[in-house]
Amino acid sequence: MLHNRMTTAFERSKEQEHEAAKNEIPSFQVFIERRDFLGAITVLKFLKSTRNTAEVGNADLWIAYCNFHLGRHEEALEIYTALKKSKNPPLDAHTLDLYRAICMLYLGQMGDARELATTLPPTPLSNRLLFHACSRLLDEESLVTYHTKLRNVSADQMALAAVHFLRTHYQQALECYEEVLQVQPECFAIYMHMALCYYKLGDYLKSEEFLMLYRENAEDSLTSLNLYAATKFRQGKMAEALKILEELQNDETIVGLPIFKHNKCLYTEMNAAVHILPPLVGIVSEARQNLVKLYIEKGQYEDAYKVVQSFEPAVSAEYTLKAAAYAYYGQTVQDMAVLQYAQAAYSTVGQSDADRDTVLGRRAMAAAYFLTGEFEEASMYLESIADIPKESEDSFMLNYSLCLAATCKVTEALERLMSVMGSTNFTPVHRTWLGRLLIRAQRSAEAFDLYRDAEKNSLQTILLMKVIANECFAAGEYQYAERAAAILVDLDKASKDHYIMIQKACIAAMELIRRGKTITPPELVYETE
């Protein structure tokens with residue numbers, strides 16, 4: 001009985017200790033180890049308010065650290081500046097200035113960060129900071145100087161990888177990450193960086209593979225969930241992407257983030273995008289790109305042009321974005337200066353050492369040749385990437401088809417163009433080219449069928465029928481030429497050329513009949529009221 005009572009008392013004591021431990025507030029170090037920086041700030045501010053900071057040291061220094069890791073770089077900068085001005089700074093002035101310079105770098109104040117860092121004694125950390133700042137300021141000479149001072153240690157290799165990434169040298173960045181992993185395999189956060197590199201390279205399956213490795217250690221990471229949804233979206237799995245995003249909707253802090261608003265808009269087929277995307281330009285990196293794409297899809301080329309007109313591109317994707325907006329707008333208003341800029345921007349990307357052998361670089365070079373009417377060269381570049389899976393496969397196929405058509409490769413051009421007839425990017429221009437190719441492939445009846453689906457009494461339809469009339473006449477299909485000219489008489493009453501075409505087609509057809517050839521008139525496809 002005594003033993004039982006002692007056991008019961010002991011168990012009750014352990015339960016009370018366990019309950020007390022549950023109710024005990026964790027130390028700020030525990031919060032930091034969990035990367036719960038908000039929790040750490042709360043504890044630190046409480047300790048500071050109760051003047052119980054003996055075990056903490058300088059609470060403000062830790063609060064600045066937590067703010068920095070929360071992305072609150074301005075708050076961190078203010079604290080470091082205040083600490084430097086205080087009577088008894090917790091660190092020497094050089095260290096505090098270095099921390100201030102790092103905050104400036106993250107705030108985009110590259111010039112200020114560089115100016116401050118160059119006044120400090122050289123250290124590996126200051127060298128990495130200056131290496132980054134010079135990269136962003138495009139100071140190549142200084143960049144090389146700081147590059148030579150990088151050591152073969154993990155921190156410097158990570159800095160080098162970051163600069164490679166910013167310059168879209170994703171393969172080189174991956175090589176740096178692999179080197180670091182060989183030395184420090186426990187750095188699972190590198191898997192996230194590698195996943196992002198593969199995403200940028202368009203290898204979405206490989207990106208998912210590294211994301212899974214990362215999420216084994218950080219399942220609740222917003223960044224990884226966002227990237228995972230993006231890989232699904234790029235693979236055309238819209239529903240899966242939206243489902244992943246919806247899992248985060250219960251968190252009010254996440255729902256309010258610009259990146260969440262942007263991606264939800266993107267995954268819901270750009271519903272209300274015209275209202276959601278403009279305020280996000282300059283905040284979310286892809287917002288400008290998607291807004292320009294939206295305007296181009298809607299045929300609002302002037303709006304697309306205005307979005308990028310004052311924007312200075314820094315990386316290849318930004319150059320091609322601005323080039324596309326300029327190309328569409330320049331062709332619409334027939335402005336050669338705008339078109340020349342588009343051609344030059346495409347050439348810059350296509351001829352660069354970093355991009356010349358990538359899908360982006362080859363498409364850019366093809367576009368540059370396309371704008372100058374050098375379709376043979378454009379076709380050669382497009383052919384080299386024809387079998388590689390691409391994000392905008394329809395747009396690629398339409399452009400490739402036109403290049404093939406312009407170089408008289410009728411059969412191949414026709415096959416590829418017909419495969420994307422249902423695309424939202426299939427325009428009246430493509431329909432007209434399809435009609436031309438069908439006639440050249442001796443399928444005039446099918447070319448005539450295009451008129452059935454065309455918008456009646458529009459300028460595009462008149463152009464289509466003119467092409468059909470002229471191509472049929474050139475191909476000796478005089479009955480179709482006559483019928484097309486007859487329809488043009490109804491559509492374009494102001495022109496007398498169509499009557500002449502009817503006369504010529506009828507005379508030519510009668511001559512063929514006289515020679516014994518049987519001519520079958522085309523079916524009536526449209527009667528004006």
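Quick reminder: no glycine exception, Cβ is built from N, Cα and C everywhere.
Taken verbatim from Swiss-Prot:
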{"type": "COMPBIAS", "residues": "11-21", "note": "compositional bias 'Basic and acidic residues'"}
{"type": "REGION", "residues": "1-21", "note": "region 'Disordered'"}
{"type": "REPEAT", "residues": "57-90", "note": "repeat 'TPR 1'"}
{"type": "REPEAT", "residues": "154-187", "note": "repeat 'TPR 2'"}
{"type": "REPEAT", "residues": "359-392", "note": "repeat 'TPR 5'"}
{"type": "REPEAT", "residues": "428-461", "note": "repeat 'TPR 6'"}
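Here the repeat 'TPR 5' (359-392) has Cβ contacts under 8 Å with residues 202, 234, 316-317, 319-320, 323-324, 327, 339, 342-344, 346-347, 349-352, 399-400, 402-404, 406-407, 409 of the same chain, all six or more residues outside its ends.
Mean pLDDT, taken over the repeat 'TPR 2' (154-187), works out to 91 on the 0 to 100 scale. If one looks beyond the repeat 'TPR 1' (57-90) by at least 6 residues along the same chain, the residues whose Cβ comes under 8 Å of a Cβ in the stretch are 28, 32, 35, 37-38, 40-41, 44-45, 47-48, 96-97, 99-100, 102-104, 106-107. Residues in the repeat 'TPR 6' (428-461) partition by DSSP class (helix H, G, I; strand E, B; coil) as 26 helix, 0 strand, 8 coil.
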